[in-house]
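Shown next, in structure tokens, is the structure this report addresses.
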Amino acid sequence: MPELPEVETVRRGLEQKLNNFIIKKVEVCRNSTVAFPTEKEEFIKGLQNSLLYKWDRRGKYLIAELKKIENENIKFPLKKLRQNNGFLVVHLRMTGYFKFIDNSTQPCKHTRIRVFDKKNNELRYIDVRSFGQMWWIKEGLSPNKIIKGLGSLGPEPFSKNFDEKYLKKVISKRKKSIKAILLDQTIVAGIGNIYADESLYSAGISPFRAAKTIKKNELINLKESIVNVLKKSIGSGGTTFSDFRDLEGENGNFGLQTNVYRRTGKECRKCGNLIEKQKIAGRSTHWCPNCQK
């Protein structure tokens, strides 16, 4: 599943590539991809004549702020756009990704949503396993209330609210493993299996440790490790092990730099001991028994 760095990579690509993109036509190739409104016709009508004004990210969700455009001959850059048209929210889930196409390329087998501007440039959403979802939240409704998972997210790892004091507060009485805690999106948004493993390795903390046993200095180190690992991955365009692609169709390169994730049986880059794998909270967990205590 695309995690924070992959979703942030997509967000940056969308923001750069879709500057001044006004939706003229929407084609829904798979109805189940549209999570809200329940009728695809309302989803299509809601998006038409909307400017993809600004792209944000919250955890693993992409959120596009929409502006209603009535005049096709509007001139850019736009200084004042007063008529909001709600939000387009996207969750890529396991295998979803976007591709920008500036010609009449036929849709591939796994194309789920097609969005066109008046020049017939296309933003294509492709999803092999079809778990990804999209929501059009009309003006006046709150995305946090419509989308349960969005409203329950914990703080962003890069935010001021995510520090050792916050971590100490949320884990002080928890018997769960620190790995399971990091995967909990209500505690911290955007971290998945890859970056939980890599962050714990960087911090020298065993993924099996009960969260409540982590000391203050370790929490400080863990917070810094999380931020540094995420930044490094974003700088590498995220991680591709199977389906993830950026807007240009390129793979992420962080997978070549991982220290423990998917390196079972290989030598630890620090100590030379072999990397091990075991399941925690139903997820494959990779760690170095010598470097992580």
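In case you wondered, yes, glycine gets a Cβ from its N, Cα and C as well.
Look at Pro2 (active site, schiff-base intermediate with DNA): DSSP puts it in coil. Per Swiss-Prot, the feature active site, schiff-base intermediate with DNA maps to Pro2.
The active site, proton donor annotation in Swiss-Prot covers Glu3 (among others) and is backed by sequence analysis. Its Cβ placed at the centre, Glu3 (active site, proton donor) has 22 other Cβ atoms within 10 Å.
Taking the Cβ of Lys60 (active site, proton donor) as reference, residues of its chain lying under 8 Å away and at least six apart in sequence are, in sequence order, Met1, Pro2, Glu3, Leu4, Val7, His91, Leu92, Gln185, Ala189, Gly190, Gly192. Under the heading active site, proton donor, Swiss-Prot lists Lys60 (among others), citing sequence analysis as support.
Around the Cβ of His110 (DNA binding site), a 10 Å sphere holds 17 further Cβ atoms from the protein chains shown. Taken from Swiss-Prot, the feature DNA binding site applies to His110, Arg129, Arg174, supported by sequence analysis.
For the zinc finger (259-293), DSSP puts the residue distribution at 0 helix, 12 strand, 23 coil. Residues or ranges marked as zinc finger in Swiss-Prot (evidence: sequence analysis): 259-293.
For Arg283 (among others), the entry in Swiss-Prot reads active site, proton donor. Just so you know, the Cβ of Arg283 (active site, proton donor) picks up 14 other Cβ atoms within 10 Å once every protein chain is counted.
Counting other Cβ atoms within 10 Å of each Cβ, the lowest count among the binding-site residues Arg129, Arg174 belongs to Arg129.
Looking at Arg129 (DNA binding site) and Arg283 (active site, proton donor), their Cα atoms lie 19 Å from each other. Distance noted between the C-alpha atoms of Arg174 (DNA binding site) and Arg283 (active site, proton donor) is 19 Å.
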